[in-house]
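If you look up Swiss-Prot, you'll see 163, 164, 165 marked as NADP(+) binding site, on the strength of sequence analysis.
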């Protein structure tokens, strides 16, 4: 029988803890969010984050970039926020407008304000397993918290991460490696027969490539833990990268879409923000 990993329930607990921590701060906890207002998905996500932040007592400053924004102008904006003592954390909501070099923007965020852990300094510390005073990218850290909540062991397990983005795949690989899993990083261009062989041997599968039903139940090892980071819309409904129905009865644990990783990402981002406030009071 497949057990559902309830991200909503775990996120609720995290949010309650975050709210209590925010209440103890002497100064307002403020998250600046830079985003492209022409992207409907970004507008949706920014709105969701802002509403949840307000419930926890976190102030958000949503900053839409103009249609004529350049990499240089966005970096200048980030540097101004770095110097603004009223700003606790900074989030750069991806994707930004075409032509803007996102990695340069991520790395312009000061490490002590990097709420989503996407800058080169923070990600370098993550790969060096030296993250004592830094936050981790919210989605992969949320996955790790969810696994821990369900007491899913990682030590010595074969794990496959499908997706290599800076937001998800690369930090996910590092976190699982640091937790003593044996990790393989695959992606949408991995040769299909190679990917199928990897999946059949994987105790842990974490996938986020943005392709609906990219992985089928028949691809999975019996009893595997399957974490679906994908969020796609098919016929007006949210759909993950894993064919959920076909994985039933094969996976030991699985996250639903929606209600799995999504709530954990937002909860972890806001948890990261109050952590930054505590570290730099």
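The backbone N, Cα and C atoms fix where each Cβ goes, glycine too.
Computed from a predicted structure; not experimentally measured.
Where Swiss-Prot records a feature, it is marked here on the structure.
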{"residue": "163", "record": "NADP(+) binding site", "Cβ contacts under 8 Å, 6 or more apart": "169, 172, 187, 188, 206, 207, 208, 209, 229"}
{"residue": "164", "record": "NADP(+) binding site", "Cβ contacts under 8 Å, 6 or more apart": "170, 185, 187"}
{"residue": "165", "record": "NADP(+) binding site", "Cβ contacts under 8 Å, 6 or more apart": "208"}
Within 8 Å of the Cβ centroid of the NADP(+) site residues 163, 164, 165, which other residues of the same chain have their Cβ?
161, 162, 166, 167, 168, 169, 170, 185, 187, 208, 209
If you run the three-state DSSP split on residue 163 (NADP(+) binding site), which class comes out?
coil
